[in-house]
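Engineer: Got these off TrEMBL a minute ago, pasting:
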BINDING   CYS5, CYS8, CYS35, CYS38  Zn(2+) 1 binding site
BINDING   CYS79, CYS84, CYS109, CYS112  Zn(2+) 2 binding site
DOMAIN    75-117  domain 'TFIIS-type'
SIGNAL    1-16  signal peptide
ZN_FING   5-38  zinc finger
Amino acid sequence: MLLFCPLCSNMLIISAVPSGDPSIEEHVGHNRFECRTCPYQMVIDKRYYERKNIKKKEVDDVIGGKGAWDNVDKMQVVCPVDKCRNGWAYWYQLQIRSADEPMTMFFRCTACSHEWRE
């Protein structure tokens, strides 16, 4: 939980109350919120906590995604699935390694939708 200074709007930090300040002498040994840019300070006299349930984002496919197979070409290649052995597949090329490596070809069978790469 972040708190901000009501005077200068900077973030407050937590520090121990030092001895020697007569205005807060009774709070020595406690903690306080203090601003590093102005003289604002607030002694912590109760628990501060905030519980947040973080909603995880849906992870998108880095390569491809929902529209990866839209508007791709078809080529004559044999599907590696033994039960299918179809002779046509959709395909596209993508550079996924360094520039001196060859491009990777991604395939999807037109019959069984099995995906593979070469």
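Positions of Cβ are set from backbone N, Cα and C atoms, glycine also.
On this model, are these features tucked inside or out on the surface, and what's nearby?
Structural biologist: Counting every protein chain shown, the number of other Cβ atoms lying within 10 Å of the Cβ of CYS35 (Zn(2+) 1 binding site) is 20.
Sequence-distant contacts of CYS79 (Zn(2+) 2 binding site), defined by Cβ-Cβ distance under 8 angstroms and a gap of at least six in the same chain, are ARG85, ASN86, GLY87, ALA89, CYS109, ALA111, CYS112, HIS114.
If one looks beyond the signal peptide (1-16) by at least 6 residues along the same chain, the residues whose Cβ comes under 8 Å of a Cβ in the stretch are 29-38, 40, 42, 44, 48-50.
According to DSSP, the zinc finger (5-38) comprises 6 helix, 9 strand, 19 coil.
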Engineer: Express the distance between the Cα positions of CYS38 (Zn(2+) 1 binding site) and CYS84 (Zn(2+) 2 binding site) as a whole number of Å.
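Structural biologist: Spelling it out, the Cα of CYS38 (Zn(2+) 1 binding site) and the Cα of CYS84 (Zn(2+) 2 binding site) are 74 Å apart.
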Engineer: What are the other residues, in sequence order, whose C-beta lies within 8 angstroms of the center of the C-beta atoms of CYS5, CYS8, CYS35, CYS38 at the Zn(2+) 1 site?
Structural biologist: PRO6, LEU7, SER9, ASN10, LEU12, ARG36, THR37, PRO39, TYR40
Engineer: How would DSSP class CYS79 (Zn(2+) 2 binding site) in three states?
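Structural biologist: Assignment for CYS79 (Zn(2+) 2 binding site) reads coil.
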Engineer: Counting only residues 6+ apart in the same chain, whose Cβ is under 8 Å from the Cβ of CYS5 (Zn(2+) 1 binding site)?
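Structural biologist: The list for CYS5 (Zn(2+) 1 binding site) reads MET11, LEU12, CYS35, THR37, CYS38, TYR40, given in order along the sequence.
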Engineer: Could you tell me the C-alpha distance between CYS84 (Zn(2+) 2 binding site) and CYS8 (Zn(2+) 1 binding site) in angstrom, no decimals?
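Structural biologist: Between the alpha carbons of CYS84 (Zn(2+) 2 binding site) and CYS8 (Zn(2+) 1 binding site) there are 70 Å.
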